[in-house]
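Here's the structure we're looking at; comments come further down.
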Ligand code: G4P
Ligand code: NA
Ligand code: NA
């Protein structure tokens, strides 16, 4: 998505060889007009799918997910994160391991907010190692819902996430695909 790539080039800051800081339009300050355009683009990409619900993980997935849900005219649910939890029967829970932080967190969705047989679109801000999407897949499976695909704002193609998800036959659509960071510059993958 050209608008997003331009914004990344303009406002993104490369940290080392693996991280992109985009906190002035996505991860801290949020640009609503850009989020709206991204939501419309995800809706266009998945227009041939029947979708009942959009699922993301707090906090940075929420802005793109809510605009996607608006464009699709369906509800959006975000999984909550907790370090530790009191397990109850009312929630679906999945482990999400962060390679970056070397810790396992849980993501949690109330059972009322995903129904068996529903068709779910997953949205997230970054695809790195794919652990957040993997956790959402586990929750959808536990709910006996069907995942139609994952919409990712920024994919880093040099990390393991894409391969992990493709192995499971998941359709992944990314609005920007970054193949490397070189000398503080973003190198986009060919479309
Ligand atoms: P994974 O889900 O793909 O396995 O991601 P990983 O564990 O590697 O990343 C942990 C957190 O860091 C996630 O956010 C993820 O979105 C974010 N992240 C990964 N790569 C980048 C990057 O290059 N730039 C930025 N800005 N973030 C990145 P989170 O901890 O869930 O936080 P949030 O959703 O509350 O923002
Ligand atoms: Na995230
Ligand atoms: Na994030």
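Along the chain as shown, the residues are counted starting at 1.
A Cβ is built for glycine as well, from the same backbone N, Cα and C atoms used for every other residue.
Keep in mind that TrEMBL annotations are predicted by a computer and have not been checked by a curator.
As recorded in TrEMBL, the features of this protein are as follows:
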type	residues	note
BINDING	20, 27, 156	xanthine binding site
BINDING	128, 129, 130, 131, 132	5-phospho-alpha-D-ribose 1-diphosphate binding site
DOMAIN	34-156	domain 'Phosphoribosyltransferase'
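Mapped onto this structure are the features recorded in TrEMBL.
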| residue | record | Cβ contacts under 8 Å, 6 or more apart |
| --- | --- | --- |
| 20 | xanthine binding site | 8, 12, 13, 14, 154, 156, 178, 181, 186 |
| 27 | xanthine binding site | 21, 60, 125 |
| 128 | 5-phospho-alpha-D-ribose 1-diphosphate binding site | 99, 100, 156, 159, 160, 161 |
| 129 | 5-phospho-alpha-D-ribose 1-diphosphate binding site | 99, 159, 160, 161, 164 |
| 130 | 5-phospho-alpha-D-ribose 1-diphosphate binding site | 159, 160, 161, 162, 164, 165 |
| 131 | 5-phospho-alpha-D-ribose 1-diphosphate binding site | 96, 97, 98, 99, 161 |
| 132 | 5-phospho-alpha-D-ribose 1-diphosphate binding site | 57, 61, 96, 107, 124 |
Around the Cβ of residue 156 (xanthine binding site), other Cβ atoms found within 10 Å total 24
Taking DSSP H, G, I as helix and E, B as strand, the domain 'Phosphoribosyltransferase' (34-156) contains 38 helix, 48 strand, 37 coil
Given the xanthine site 20, 27, 156, its other Cβ neighbours within 8 Å of the Cβ centroid, in chain order, are 12, 19, 21, 22, 125, 126, 128, 154, 178
Given the 5-phospho-alpha-D-ribose 1-diphosphate site 128, 129, 130, 131, 132, its other Cβ neighbours within 8 Å of the Cβ centroid, in chain order, are 96, 98, 99, 126, 127, 133, 134, 159, 160, 161, 164
Taken over the domain 'Phosphoribosyltransferase' (34-156), the predicted model's pLDDT averages 95
In three-state DSSP terms, residue 27 (xanthine binding site) is classed as coil
